[in-house]
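A.B. asks: So TrEMBL lists these for the protein:
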COMPBIAS  249-262  compositional bias 'Basic and acidic residues'
COMPBIAS  263-272  compositional bias 'Acidic residues'
DOMAIN    80-146  domain 'Translation initiation factor 3 N-terminal'
REGION    249-272  region 'Disordered'
Amino acid sequence: MTSFCVLKLLCQTTRNETRYAKRFCGTLLSRTTQKGVFSPFWMALPDTTKTNVLVFTQPFCTAEKSRKDPKRKAAFGSVGRRIPYRILHVINQDGESLGEMHRAEALRLMDEHDLKLVLLRENAEPPVYRLMTGRQIHEEKLKRAEKEKASSKTVLVQKELSFSSAIAKNDLETKTKQITQWIEKKYHVKVTIRQAKDNNTDMFTLFDQILGTVSDKATYLSKPKAIKEGMSTCILRHMSDKELKAYQKMEKQKNSTVKKDENEEAESSELH
């Protein structure tokens, strides 16, 4: 009786182990089949007729290897010894072509003359490299920076103001201050004035009045003109350094003339 109980207990234990092994293997498989990739793990293979055996599975992937993203174009400068091409077209430090050669020969020339290799044209066949000194590289970088700066277009900002010819004096002063701030930032300012009903104020007089307040900074880019009946516009811009110097010189001469006339009037009044 005792032997029968022990045998039954052993059979039950074996069935439980097999069931748990199946559950364990199923869990591992469900976790490792994502994206078609199987990571290394110890997997139990249950067999009802044989003893359970642990087998080490190697990793594998059914998906294609993803290609690396293309590298950004390297900045102008020495490439060191990192040359992915076997045959190069080499130019020496004086700008003369040395023809095509193996990269090992180009590196030998670089080391022999204590120079640096710089990639000029990667899309050429074969790619073009130049032997340069550190000073030449520095000067070329400065030239390229200046060229890039010159080629970049300056974005001109234009602000707009619109008001009626019947504008109150304090409101006009407020708008004039706003125009002055924009002019100091070197913005273009488009001013549009609408002729108010039952108002005889000359719109062109208002334009000249506005320009008079910023005459030491601005001038007309587009002179006042009528764009349609009852509406006129103009565009103000910041004066260039040359125009500003000419304006300051003219003002100085004007003040000198006025002061001279005042002195003459004072002298003539003393004589009388």
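For all residues, glycine too, the Cβ spot is worked out from N, Cα and C.
TrEMBL labels come from automatic prediction, so no person has curated them.
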A.B. asks: Using DSSP, how many residues in the domain 'Translation initiation factor 3 N-terminal' (80-146) fall into helix, strand and coil?
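C.D. replies: Here the numbers are 23 helix, 22 strand, 22 coil.
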A.B. asks: How does the compositional bias 'Basic and acidic residues' (249-262) divide up by DSSP, counting helix, then strand, then coil residues?
C.D. replies: 14 helix, 0 strand, 0 coil
A.B. asks: Taking every residue in the domain 'Translation initiation factor 3 N-terminal' (80-146), what is their average pLDDT?
C.D. replies: 90
